[in-house]
Amino acid sequence: DFSKAMSQAGTSQFQEVIRQELEYSMKVELDKILSTAPSNEVEHTKKDLEGFKKLFHRFLQEKGPSVDWGKIQRPPEDSIQPYEKIKARGLPDNIASVLNKLVVVKLNGGLGTSMGCKGPKSLIGVRNENTFLDLTVQQIEHLNKSYNTDVPLVLMNSFNTDDDTKKILQKYSHSRVKIYTFNQSRYPRINKETLLPIAKDVSYSGENTECWYPPGHGDIYASFYNSGLLDNLIGEGKEYIFVSNIDNLGATVDLYILNHLMNPPNGKRCEFVMEVTNKTRADVKGGTLTQYENKLRLVEIAQVPKAHVDEFKSVSKFKIFNTNNLWIALSAIKRLQEKNAIDMEIIVNPKTLDGGLNVIQLETAVGAAIKSFENSLGINVPRSRFLPVKTTSDLLLVMSNLYSLNAGSLTMSEKREFPTVPLVKLGSSFTKVQDYLRRFESIPDMLELDHLTVSGDVTFGKNVSLKGTVIIIANHGDRIDIPAGALLENKIVSGNLRILDH
């Protein structure tokens, strides 16, 4: 045992030496990068690289999954409240004064690359020519007009989306919404072999675009604070932010939740509220709320030890998942940021660049900070508040007659007999938005659809109706044209079907 202990001590000493060497080498490289910054960017770049250095330091310290599975417990009953209970309290007469304390923040750092689009994802058209950003502005404008309030919109952009977003914002200059933007940090990608940055200087255009990345939405706390906007909004009397992904069309301002925050029934305000919703089979990988060391804690699949992944995915044990709709007290963000006390697990995101180089990105997630805040709460909201558009299959749902659009908000059509949406799987011919749009002359009637699978070279004519379960498979080299006006109910269509103009 003595020799084992000695060899373990030797190993840990050796590891410590290597860690110190890596940190030193990283510091040297970052100093070189900083020395290439133009004078007007030095301060900003320095802040970014300092933040990165802290993350890198933690990355070297932490090994293996970041949770001890034995300590994970189900959250106490009262720590996740049903939405119905919060709604049942009703609304006070002075709801406008409550609304005036709110700021809506949308996470707008993502590009539309997964859907084959260049530029910010928020500028993809989703409904009647309206983009995600248009719908967001319409929702808040409707709120401000209805209640005579001044709820501002804040966009957290990344260096990838900032220029294009700012150009487009001019079109809202006459809308009744104040719009602010700030940029999240820009961190250097790390070579997986050497653990050193692949960037040689600060530029991020041309061949250097692949050297940098935005470090996930957990960066919101530091970059919001560093931008000065957080202090300005507190100075204007704002108290809470409602944060959500810009591609979640269900994430609208909910007055009942806001009232619960501002006028808590027990008089003790929550600093952090996470909206969760019930898992379905499609959500088994979503992060879940647990009780861990007497705090509510978000556990993501990446943190789970391999032996427990199936248990984590179980719909019966972990019934809910995080929608990433969050309500956070501004004063708490300021306090925790100044104490450097926001603790978020590191997500190591491996990527392979176009030239084949393997790199890693160190990221954090905004919801992971829940354990750093006081008096946190989960609210189990209806599924309708989680309507993300990640793929063209999702896009088909929100463009269809399953939803009606009113003042920027999508609501499930009353003609749909059950509250869940159909399961839609469009094949690779539909992945890019422009290909998807070319394949539908008009969006089919889907009110009575349960399941749609489409694979291969398939096009849809005008006014097609889909009901029940519909599977359409064009094999390699075949093509299927669904004729205009066709009704497909519980049908499998395969082989070759060409409709030619006479």
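In case you wondered, yes, glycine gets a Cβ from its N, Cα and C as well.
Annotation comment: TrEMBL describes LYS121, GLN184, GLY216, ASP247, LYS390 as UTP binding site. Here TrEMBL flags HIS217 as substrate binding site.
Note on GLY216 (UTP binding site): other Cβ atoms within 10 Å of its Cβ, all shown chains, come to 23.
LYS390 (UTP binding site) is surrounded by 14 other CB atoms, counting those within 10 A of its CB over all protein chains shown. ASP247 (UTP binding site) has a Cβ environment of 22 other Cβ atoms inside 10 Å. Residue pairs drawn from LYS121, GLN184, GLY216, ASP247, LYS390, the listed UTP binders, are separated by up to 21 Å at the Cα level. Cβ-based neighbour count (10 Å, all protein chains) for HIS217 (substrate binding site) stands at 23. Under a cutoff of 8 A between CB atoms, and with a sequence separation of 6+ in the same chain, the neighbours of GLN184 (UTP binding site) are GLY109, MET156, ASN157, SER158, PRO214, PRO215, HIS217, ASP219, ILE220, SER223. The number of other Cβ atoms within 10 Å of the Cβ belonging to LYS121 (UTP binding site), over all protein chains shown, comes to 24.
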